[in-house]
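Shown next, in structure tokens, is the structure this report addresses.
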Amino acid sequence: MQQDKVNLLGLNQKAIEDFFISIGEKKFHARQVFKWIHKKGVIDFDAMTDLGKNLRHKLKEKAQITIPKVVFSKASKDGTHKWLIDVGGSAVETVFIPEEGRGTLCVSSQVGCTLNCSFCSTGKQGFNRNLSAAEVIAQLWIAARTLSKTDGEHDFTVTNIVMMGMGEPLMNFENVVPAMDIMMDDLAYGLSRRKVTLSTSGVVPRIYDLLEQSGVSLAVSLHAPNDMLRNEIVPINKKYNIDELLEACKLYAQNGPHKHITFEYTLMEEVNDNLSDAEELVALLKSREVPAKINLIPFNPYPGTPYKKPSNNRIHRFKEFLQHNGFVTTVRKTRGDDIDAACGQLAGDVMDKTNRKQRYLKKLGDTNAN
């Protein structure tokens with residue numbers, strides 16, 4: 001029986017070195033190939049000109065570099081770019097957001113999501129599977145290779161990564177961490193820990209593991225100032241409550257790259273956007289002594305949701321109260337809404353688990369017909 005070829009795309013530097021040793025080759029050859037793949041974007045062994053002919057032949061027998069197919073891509077009028085990527089018959093989305101002086105890539109970690117937060121469109125798809133490390137890093141590989149550096153108006157260089165796409169990254173820890181290792185490797189994309197941010201809904205044990213094994217920047221999807229409300233809208237809170245979550249956050253802030261935690265708070269009208277909610281949030285964070293920045297996210301409605309986006313006045317009032325009480329507070333701009341790329345819309349054309357494959361196949365058929 002022929003052994004399956006190893007996909008080198010998802011191997012971090014140590015793993016690819018171990019693979020080369022296992023086939024009787026030297027570590028420095030592994031580093032050469034690693035650099036070819038990620039720094040230069042080359043996936044054809046024959047094009048790796050500093051490798052000997054015998055080594056290239058051996059690699060073709062024992063390894064492969066497989067990039068997922070891009071089903072389609074869309075560019076927004078504001079410069080935002082979205083890709084729908086085929087991951088073995090299912091699809092995930094990746095979004096690039098250009099801003100002045102930076103370009104942020106929002107990366108998915110799962111097909112669907114297990115956590116079923118009540119306001120999240122991705123959660124309504126149900127959960128299919130975790131992405132492999134290769135499928136995670138492929139999103140950056142594709143973006144880095146297909147974006148032009150500039151169109152005269154927008155800068156299209158990826159400078160920051162946010163693990164905030166489809167899925168809960170800490171529920172796919174074993175694949176997400178090696179992929180982030182590649183993102184931060186100087187032989188690959190060379191991003192610093194400050195430039196790679198993982199967002200979690202609060203898988204508390206894995207927050208401690210993340211600090212020990214990776215130490216990237218941490219963002220926490222809080223969305224509520226008390227357990228009663230958070231139990232309702234972020235169900236994982238029933239397993240790991242706010243006290244446990246903030247205890248982990250405090251330790252992470254003390255040892256992480258930013259010395260603070262970014263708390264994401266999706267504002268939903270008359271659900272969690274009242275002044276009393278802001279007061280409770282301030283009291284909560286001050287009492288737990290967690291160094292915090294707060295990122296307010298106006299809710300983006302999607303078909304079938306009972307929630308509404310607050311008025312600008314309510315958003316401004318909430319922000320002003322937090323700032324007045326000493327918290328650095330930002331309001332996330334709505335970006336890419338004309339291509340369904342804004343936060344909360346990452347389900348896009350693959351809205352629910354039942355119809356995901358049919359929708360994907362239809363999109364693939366439409367693409368091939370053009």
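Backbone N, Cα and C define each Cβ position, glycine as well.
Annotated in Swiss-Prot:
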type: ACT_SITE; residues: GLU93; note: active site, proton acceptor
type: DOMAIN; residues: 99-337; note: domain 'Radical SAM core'
type: DISULFID; residues: CYS106-CYS343; note: disulfide bond
type: BINDING; residues: CYS113, CYS117, CYS120; note: [4Fe-4S] cluster binding site
type: BINDING; residues: GLY167, GLU168, SER199, SER221, LEU222, HIS223, ASN300; note: S-adenosyl-L-methionine binding site
Pop the mean pLDDT for the domain 'Radical SAM core' (99-337) in here, whole number is fine.
94
Within 8 Å of the Cβ centroid of the [4Fe-4S] cluster site residues CYS113, CYS117, CYS120, which other residues of the same chain have their Cβ?
LEU115, ASN116, PHE119, SER121, THR122, GLY123, LYS124, GLU168, SER201
When the number of other CB atoms within 10 A of each residue's CB is tallied over all shown chains, which of the binding-site residues CYS113, CYS120, LEU222 has the maximum?
LEU222
Residues that sit under 8 angstroms from SER221 (S-adenosyl-L-methionine binding site) by C-beta distance, when 6+ apart in the chain:
CYS117, SER199, THR200, SER201, GLY202, VAL234, GLU264, THR266
Restricting to the recorded positions GLU93, CYS106, CYS113, CYS120, which ones have a CA within 10 Å of the CA of ASN300 (S-adenosyl-L-methionine binding site)?
CYS120
These are the recorded positions: CYS106, CYS117. Which one scores highest on other Cβ atoms within 10 Å?
CYS106
Are there any residues in the same chain, six or more apart in sequence, whose C-beta is under 8 angstroms from the C-beta of HIS223 (S-adenosyl-L-methionine binding site), and if so which?
CYS117, PHE119, ARG230, ILE233, VAL234, GLU264, TYR265, THR266, ASN272
Based on Cα distances to LEU222 (S-adenosyl-L-methionine binding site), point out the closest of the recorded positions GLU93, CYS106, CYS113, CYS120.
CYS120
Could you check which of the recorded positions CYS106, CYS113, GLU168 is the closest Cα neighbour of the residue listed as 'active site, proton acceptor'?
CYS106
State the Cα to Cα distance, in Å, between CYS106 (disulfide bond) and CYS120 ([4Fe-4S] cluster binding site), rounded to an integer.
16
Let me know the DSSP-derived helix, strand or coil state of GLU93 (active site, proton acceptor), please.
strand
Taking the Cβ of ASN300 (S-adenosyl-L-methionine binding site) as the centre, how many other Cβ atoms fall within a 10 Å radius?
19
Between CYS113 ([4Fe-4S] cluster binding site) and GLY167 (S-adenosyl-L-methionine binding site), how far is it from one CA atom to the other, in Å?
4
Under DSSP, is CYS113 ([4Fe-4S] cluster binding site) part of a helix or a strand, or is it coil?
coil
What whole-number Å value do you get for the CA-CA distance of GLU168 (S-adenosyl-L-methionine binding site) and CYS120 ([4Fe-4S] cluster binding site)?
12
